[in-house]
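Per Swiss-Prot, N-myristoyl glycine is recorded for 2, and the stated evidence type is experimental evidence. According to Swiss-Prot, the deamidated asparagine annotation covers 3, on the basis of experimental evidence. Swiss-Prot lists 11, 140, 339 with the feature phosphoserine, giving similarity to another entry as the kind of evidence. Taken from Swiss-Prot, the feature domain 'Protein kinase' covers 44-298, and the record attributes it to sequence analysis. Sequence annotations record features per position, and here Swiss-Prot assigns phosphothreonine to 49, 196, 198. Feature annotation from Swiss-Prot assigns ATP binding site to 50-58, 73, 122-128, 169-172. Per Swiss-Prot, active site, proton acceptor is recorded for 167, and the stated evidence type is sequence analysis. The domain 'AGC-kinase C-terminal' feature in Swiss-Prot is assigned to 299-351; the stated evidence is sequence analysis. Per Swiss-Prot, the feature phosphotyrosine maps to 331; the stated evidence is similarity to another entry.
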């Protein structure tokens, strides 16, 4: 690298530092003083279910007063308690109301009633990366790199706030109208200084240290990034099998095979991200995220332009207007039932 290029890189890294320091101030204000009860169920018209989970659903809703569309996550308090997800749910809301980044879905309102917790988020009509990836088969390397760069920046932001995301997968990445990513579902995200021990995540994306019940840190997110880049570029994940136990055996073995069409730069980056040895895994070394940002596979990436959303997206989802749901699957609809008595008031008092 020439002197001029090195100087440019140095000043970019300095301005990133300044940006993150300011971002942390903003985050901490909201983290310490979380917004509560900023809307009410009656203010929204419920339109259609966009997804379902073990303790709730996500619905497209329309704000009656403004006509704006949102995605409303509805969680059944009693089910959350039964599934021992109280802590995770409180984490999700507390984190979402405090963060602010171009590739993180925005929490617009949150509230609760006798039966449910509600998180009202920006509606991202392009649907999940998962469905586009399965339809197209696999993404070209430039296409995969465009998305990967946004995740790198997002993790750099989250990690600087001591947040581990822990649930990276194509199902949790929505594609917006401009073709950029919106990361959703902070159900497993956690603020951790140092190490944590909870087993959570999706089998194919779990880092070896989580499987081996070791204390782990934010390096698990960089491992998951390696899995995601592999899956985007190959069309299937690097470790798969019928049973989770077989997947886990493959993950901890430290052996990865690459499709012949992967470029040598891509294989090199993935070997450094899918690195079982934490003392060698990119993102976890003394240069931190810069080992990833300065890797040859990202040589053509203009990080600032990606952050500013100035790079032309490789793919724009088709959609026919603000309330269009054609990029989401259909689900059976269900009434939202609200009890006349308060359920689990104590457990969710801080929500």
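Any Cβ shown, glycine's included, is placed from N, Cα and C.
Feature map: Swiss-Prot annotations on the structure.
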residue	record	DSSP (3 states)
11	phosphoserine	helix
49	phosphothreonine	strand
56	ATP binding site	strand
124	ATP binding site	coil
140	phosphoserine	coil
170	ATP binding site	helix
196	phosphothreonine	strand
339	phosphoserine	coil
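The most crowded of the binding-site residues listed here (56, 170) is 56, judged by how many other CB atoms sit within 10 Å of its own CB. The Cβ neighbour count for residue 73 (ATP binding site), using a 10 Å radius and every protein chain shown, is 27. Here is what falls inside 10 Å of the CA of the residue listed as 'phosphotyrosine' among the recorded positions 50, 53, 339: 50. Each of the modified residues 49, 198, 339 was ranked by the number of other C-beta atoms within 10 Å, and first place falls to 49.
Ranking the modified residues 11, 140, 196 by the number of CB atoms within 10 A of their own CB puts 196 at the top. When the domain 'AGC-kinase C-terminal' (299-351) is classified with DSSP, helix, strand and coil residues number 5 helix, 0 strand, 48 coil. Between residue 140 (phosphoserine) and residue 56 (ATP binding site), the C-alpha separation comes to 35 Å.
Cα of residue 170 (ATP binding site) to Cα of residue 198 (phosphothreonine): a span of 22 Å.
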